[in-house]
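A short worksheet on the structure shown next.
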Amino acid sequence: ALRLAGGRSRCEGRVEVEQGGTWGTVCDDAWDLTDADVVCRQLRCGRAVSARGTATFGRGSGPILRDEVGCEGHEEHLWECPAAAEHDCSHKEDAGVVCSEHQEWRLSGGRDGCAGRVEVYFRGTWSTVCDSTWYELEASVLCRTLGCGEPLRHLSFAHTLPGRMLYQCGSQQPSLAHCQWTYNKSAPCHQSRAAGVVCNGMGS
C-alpha cells in the first residue's frame, strides 16, 4: 500500500509505503519527478507537479523502506522501481510529492485570510470559482476547511484568472475536493461571476 501524509489533500504529502504491516518512508536520495510521477499515477492523482525532499511535509516515523529510487516512468507501482537494499538516511530526508490533482484554496483580497475571492490552486495554477453553483453549503465547506468558521455573507467578483472551477456539494464534506467538481467546462460557468465569501472566523 501507498499513501501521502502531511499534505493539504490526499494528492500531496510525504510518501509512505507499507511493508509487512508496517508503514515507512522513502529517502530523498536520487528522488526526482520520474519517481514522483509513478506515485501520483498509482494514487490516481494525475501527474507529478513537484518532487520534494528534506522532509518538506514533516518527518515520518518507522523504517525507511526505499532509498536511491530509480523509476523509469512506466511502472504501475512504486515498489516495481529499482531501489537500494541498504540506506544511509534519516527522517530529515523523507521524500514527498505534489500531484496535479492536489487542490488547495485561499481567499484573496479581503481583510484577512478568511474573506475575499475564492481561488483554487489546481494543476499548477490558481483559478477562480464559478458562482453559478456556489451556495451556502459550498461556502460552509470552504470556510471550515480554511479554519475560518462559517460563512457570514457571499460576495461576487470578476473572473481575472485563466482557469475556472465549479463545485457542487451534496452534503458537508471535509473539503471542496471531496464534492463534485469540474474544471474549465464552459457551459455552467458561461454567465457566472467569481465566487467570494466572508467567513465569521479569523483563521487558524
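Cβ from N, Cα, C; glycine included.
For the domain 'SRCR' (2-100), the number of residues in each DSSP class (helix H, G, I; strand E, B; coil) is 16 helix, 32 strand, 51 coil. According to TrEMBL, the feature domain 'SRCR' maps to 2-100 (among others).
The disulfide bond annotation in TrEMBL covers Cys71-Cys81 (among others). Around Cys81 (disulfide bond), a 10 Å sphere centred on its CB holds 18 further CB atoms from the protein chains shown.
Annotation comment: TrEMBL describes 105-200 (among others) as domain 'SRCR'. Counting residue by residue with DSSP, the domain 'SRCR' (105-200) contains 20 helix, 42 strand, 34 coil.
Cys179 (disulfide bond) counts 20 other C-beta atoms within 10 Å of its own C-beta, drawing on all protein chains shown. Annotation source TrEMBL lists disulfide bond at Cys169-Cys179 (among others).
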Cys179 (disulfide bond) versus Cys81 (disulfide bond) - Cα distance in angstrom: 34
Cβ atoms near Cys71 (disulfide bond) (within 10 Å, other residues, all chains): 22
Alpha-carbon distance [Cys71 (disulfide bond); Cys169 (disulfide bond)] in Å: 38
